[in-house]
Structures are given as C-alpha cells and as structure tokens.
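A quick write-up on the structure given underneath.
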Amino acid sequence: MRNIITPTPTGGQGSEEPVDAQKALETSDTNLMRSLTFDISQVATQAGAQALRMQLRPHSTQARQEEPGKAYTTDVNDAIMDFLRAKVSAINPLNGFWEDGGGDRTPGNRFWSLCPLDGAINFMRNLSEWTITIAILEVNGQGEVYPILGVVYAPALGLMYLAARGEGAIRIRRTPQGEEKREAVIPSATRSLDGSMICFGMSYFPEESKQVLEKAASLAGHPADIKRIGPASLDLCKVADGTYDAYFESALHSWDVPAVAAATAVVWEAQGTLERWDGGKIRWSSDNDVLATNGLLRDELIPYLTGTPGAGAGTGA
C-alpha cells in the first residue's frame, strides 16, 4: 500500500546521476500530490472538528433551500466553506475554485473543489452520515476535467478516505478503543447481483426520485439488500472499500460536483468503476446519472438502469 499521506523528501544535492527531465517532472508532481494530500487531510480534520461541535450543539432540525430547485443548506455550510477556502488557498492557490465557474480550461490547470457539508439533512437530523470533502480537478490535454485528488471525511463516524492519482486510496478509521487504523481501500469481489449489496441516491425532485425508485424496484429479488442512506460521497467511498458492491443515482447536479469529485478519486484509485448509466464519462460541468461498481457487476447492472433488464445477464466478469 502506498503511503499517500506522508510527504516525500525531494532529495539532497550532489547527485551525479544523469537527469531525465520528464521523470524529474513526474517525480516532482508525485511529491506535490503527496504533500497536498497530507496537508488537506489536516484541513479536513480541523473543519470536521468544527462542524461536529456545531452538530452537537442545540440547533434547528430544518435545512433550507437558498432558492427553489437548489440543494438544501445550513448555516454550517457557510462557516465551514469560509474556513476551507482560506486554508487550501494558503496551502496552494492552484488556478482557483471550480465552484467559481471552472476558470480557464487550459490543459494542466488545476482547481480546488470543496464541499463543506455533504448530507445537510442528515447533519441537521443528528445522523452520523455526513461528510466534508476536498478535491482537485485537473484539465487534461483534450480539455476534459478529471478529479486527481480527493479527501472525504466523515467526522461523526471517525472515517476518512484519501486518494491521489497513481497513488492508490486509503481509509483511516478510529476503532472503539480510540486507535487509528490505516487500510488500503479495495472494492468487493462480488461477481453477481444475486446476493449483492447495492445502494442508491435520491433526488430532491419528484420525477428524479420516481425514476431511481423504479430502477431499485426492478432490481428487487437479486441483491441481498438495497440501501438508501447517503450522502453520495460516503456511499461512493463505501463502494470503493467493499462495504457496498455498487451505487447508482439518476441525477447528480452541479452542486453535487465537489462531493462526487472527491469520492470519484477514491473509487478510481481503488480500481472501482464510476461512469454514467450508458457507460459514458462523467461530465463535470453538467448534470449526470451515475453508476459506481466494484468493476465486476457493471455489465450486469447497466441494463437495469438503461431499461433493458436481462440484456446483461451472465456478463458479469
């Protein structure tokens, strides 16, 4: 297991080995990713402690919508977002924040993408399933945007997931005895929908919720259980670590991008799959349906989501 949260020394002077410029550049970027992952894991820990204190205080159980058709939010969101922005900007300003409009799509540009509270309703109702997420999105040579680093922290559960491109993914959890355990994140080996554990996400909007419930109903009788807990970032990480075998949602919106981006880095680095229902790439600038799997259930599950159940029977690897 790679140690992705320990910064790597850059080395000393005096080496007489010939320098490979490309290799040196790649090594420098790897060291930067490791350093950033370590630093932002500390930021997430600090932000999580603040948010957890806020949750433990007496508060209203009602989340609010800033305007119709938008995500639910709380006063905690604003306070934690201000904290996150200040902290990550001090670490490295990169090319700005994705939430400010995505900025210049010049290849190589990188943007912070922050979610101060994924699972606002869970938070307000004093449930433990909510997260703080930090991601870095990068523009590739084709002008496409991908998450290359992600931290997903669930303070009330004592769980943190970290991933950086090419470095794998790890889970840090606190045991009931207060010990810290660091473990490689590996998806399940479940090869069939029969007996599997599937989870799904719900929308605020009736038609989107109806659609995803119909898909869940079509699966009935195959998985051992179909869960709905949320939030999306935590459910996706639980696909990455093998708790669930797959996750699907009919509509992830622009405000979901920060949380989903961080979790996507974890899923991909754990060697799981995450894509749209039709197998296409996630579009980070628009709405998406989304499917994450352990990689083994993908072909069997897609027909249920696209309306052709049975078409993928027997195709699971």
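Using the three backbone atoms N, Cα and C, a Cβ is placed for every residue, glycine included.
Under the three-state DSSP scheme, Asp118 (Mg(2+) binding site) falls in the strand class. According to TrEMBL, the Mg(2+) binding site annotation covers Leu117, Asp118, Asp256.
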For Asp118 (Mg(2+) binding site): intrachain residues, at least 6 apart, with Cβ closer than 8 Å: Trp130, Thr131, Ile132, Thr133, Pro231, Ala232, Ser233, Leu234, Pro258, Ala259
In three-state DSSP terms, the structure that Asp256 (Mg(2+) binding site) belongs to: helix
